[in-house]
Structure formats: C-alpha cells, structure tokens
Ligand code: NAD
C-alpha cells in the first residue's frame, strides 16, 4: 500500500473528546507505520485559546503509552498546529487560510486537504460554506471532508445537512464516518461471502433460514445522556451501524470490488428494505428501556434524563430485504445499552437439510457466527457423528480464533486509523453514500413515526440492567419458530 501520504488535516473540534481519544492516536499509528512521514501537518481548531506548545502537549498525552522513545512523540507532535477559532466568525477563516497555506509550503503537501468535522453537525453547513468562500479549499490537490455521526435525525434534516455540505463538496469528496465499517470482521463479511464458494453459493433464501445481528453494550448512557435523550437507540445505532452491516450481509455480489460497485450493491440492498406500516412496526419491532437491576440504576435515574423519559435504549426488529436472493429471509437485529455483555456478533442460520435420513436424530441448524467484538473470530456450527460405536450426532464447531500475539493485536488498525487512511487514499467504500442514508432514514422514520403514535403501547422501563433486553425481543423470534443464537 502506498506510503508517505501528503496531507494537511484540519480538525474542527480539535480540543474535543473524539479528537483526543480517537483521532490523534489514529494519526500517530499512521505516522508510526510510515503512511505519514515528513509531508503532513495537522491544524486543530476550536474555541479555546491554546498555544501550539500546549496543543502539542495535549496531543502527546493522547498517545501516551503508544511509543518507546520520547523523541518520536515530540517529532510527531511538532507537525501539529493550533488555531483558536469560532466557526461562525468569518475572520477566523482568513487566519486559517494563511496558516494552511504556510504549512502546505513548509511540508510540501501539494494542496491535499482533509477537513475533519469533529463537532456538532449544526456547524457543518457554515464550516463548509466558509471553506469554499474563504478559499481554504485548494486547486492543486484534493479537498475531502470527513463528517461524523449523527447525520441528521430524520430524512428531512439529513437532506438539509447533505444539501449544505454538497454546496461545497461533491459526493465523491464527502466521507461520512461509520466506524463499524472500519472494523476488521465487518470488512471480512465481503471476504467470506464473495471469496468462498461454499458461502457464495449458499448465501440466499434457498439455504439461509435467518440472519441475526446483535450490537450489545454493557455500559449505560454515561455522559452522553443529554444527546441520547433526543436520539434513542433507533437513531443512534439502527439507522447507521446496524443497517450498514445488514447491507453488507444482504447485498448481491458487486460487479467488481471497487468503491462504485460495492456502494451500488449496498444501495440496491437498502432500496429493497421493506418499509413498514404502523401496524407492521407493531408486529416487527420491539423497543425497550433499562430499569434498575443488578445493582445498577435505571435509565430514568441517570443524570440529564427525564423521570418519565420514553427514550428507547434497546431495539430489536425483524427486517426483510426483498432482493431476489434474500426475499423471505428474516433479518433479526438487536441493539441496546446496559445489556449483559458488550459484543458485536452476526449469526447466519442455515436451513436444515430438506430430508432428515437420520430419523432418530435431532439435527440442528448449521450456523456461521462472525464475532466482530470484543475478539475477532469465526465459528461454524455443524452436525457430526460422535466418535465411537453407534451413530449418534453431536453439535460441533469449526472455530477460527485468530490467536493473535500481543504484537499482532497491537498491529490491528483501529477503525478510525483505517478510515482516515481510506479517506487520504480516496477509498470510499467504507463510508456511507448519501443514497444509503436516504434509504436507511426512510426505513427508520417509518418506525419512529409509528412509535410516536404509540402503536405498540409500550410501558417503560421494561428490561433489567445486565440482561439481554425485554422478553418481547425473544418473543419476536419465537413467533417465527426461531430464537436468538447469541444468548449469553
Ligand atoms: P466535544 O463536545 O468533546 O467536542 C466538540 C468540539 O467542538 C470542541 O473542540 C469544541 O471546542 C468545539 N466547538 C464547539 N463549538 C464551537 C464553535 N462555535 N467554534 C469552534 N469550535 C467549537 O464533542 P466530541 O465528543 O468530540 O464529538 C464531536 C462530534 O463527533 C459530534 O458530532 C459527535 O456526535 C461525534 N461523535 C463523537 C464520538 C466520540 O466518541 N466522542 C463518537 C461518535 C461520534
């Protein structure tokens, strides 16, 4: 892969949590691995009146423990510059333009600019307008913008946001982050499906009984309660991460493994997502909110939440992707906070053999399990004969534990590290295209509207902390004769 990228990264929100916890460590990894060498600089902007020196100390603190020699950290941090900046003040962009120009010359960057908007989306429009009107975008290199979630709170607001950004950046230069797309085992879905004859030939409604996707979190809302109260699990997790994973699991084979073809395949899958009527939402979706339990406080007792809050912290649903290959295969999805364990897991449950010739034996479904988090692994559950006399069956698992050494584990790129390099190298397939978002918001809006009309007449709280969610989530599968394979 190409090394020594030339890039000026301008981070709006450079003093924020995301920048310090994720962006600086990721940029440092790219530096350590040689993707960034001499020809890069980072400008951090935010309102606080920091100096370059202070900023560099903050950057060094954020990479604490990631280097052996102090000189490496100092040399890395020397590429960082700070500008105190209110994004609504046009004059500040003039100073930014001059700084960007001088750094471009100093580090011989050739005009490549990556703008990272690590702040509230309500500022995206004004930032993008100013980047263009104040000529901070160059004509000699690339101009790409990375935007963070949330991308809107419904289709209307997402469209408004997209319109604002697209006045300055064409679609091919907009990189909408979904960090799940940067995870190793999420990227592995395409490798497994399209790189193996056994899965490729069986990945359809003739052989798959159902697919299950679980994104469970053990933590509660923590310090994000203020935002979470206005979002809820449907917007925070289903609209983006869950539907992106569903698109990768259900898309038809792309014509080739290029950005355009992969994105077209994903867009087509999401276009085939059945949009539910309010009555169908009641049938196919379950919402929940954690109450106190197992020594932990309930959602309504958290700081910054209303004591009668109706915000959902759990969602389970049955989706139908009506492509020729996947029509009729239920896709069960589930996500929640304060669940029993933190995990991201996919189970592909295959149909049983059409005729059980071993009449006296109960054969189980073959199941392909893709563990995304916390540890990457694969497992294939099979029926096989027990060793010894007679002809008894047992369930066995072919397991692929990557058994990584500490060095190999340390070398796994963090999602943000992968995605920042992808944006520098213009690989867009691991970012959400606007058309994908349009489809996912349409789907999510229909559910939200039905819930706002209270079609399901739910009462909160309805699940205990440290459980796997409300009973209705198990019932959702049971009425189809199925059950969650992941039931820790
Ligand atoms: P934060 O509140 O910690 O940081 C916000 C930054 O914006 C700060 O640097 C602040 O100084 C700056 N800022 C605010 N108003 C400004 C103004 N008028 N002019 C200039 N700067 C201004 O937020 P965060 O947690 O870093 O999140 C940033 C964005 O990333 C948000 O959109 C959030 O939803 C998204 N996000 C964050 C995380 C995370 O792990 N923190 C994860 C996913 C998405």
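Each Cβ is built from the backbone N, Cα and C atoms, and glycine gets one as well.
Note that TrEMBL annotation is computational and uncurated.
Because the structure is a prediction, the values reported are computed rather than measured.
Matching 164, 217, 359 to the substrate binding residues that TrEMBL gives (179, 183, 236, 337, 342) identifies 217. Neighbour density for residue 236 (substrate binding site): within 10 A of its CB lie 23 other CB atoms from the protein chains shown. Secondary structure at residue 241 (active site, proton acceptor), taken from DSSP and collapsed to helix, strand or coil, is helix.
In the three-state DSSP scheme, residue 337 (substrate binding site) falls into the coil class. Taken over all pairs of the listed substrate-binding residues (179, 183, 217, 236, 337, 342), the Cα spread reaches a maximum of 20 Å, rounded to the nearest whole number. Secondary structure from DSSP puts residue 217 (substrate binding site) in coil. Each of the recorded positions 179, 241, 342 was scored by the other Cβ atoms within 10 Å of its Cβ; the lowest score goes to 342.
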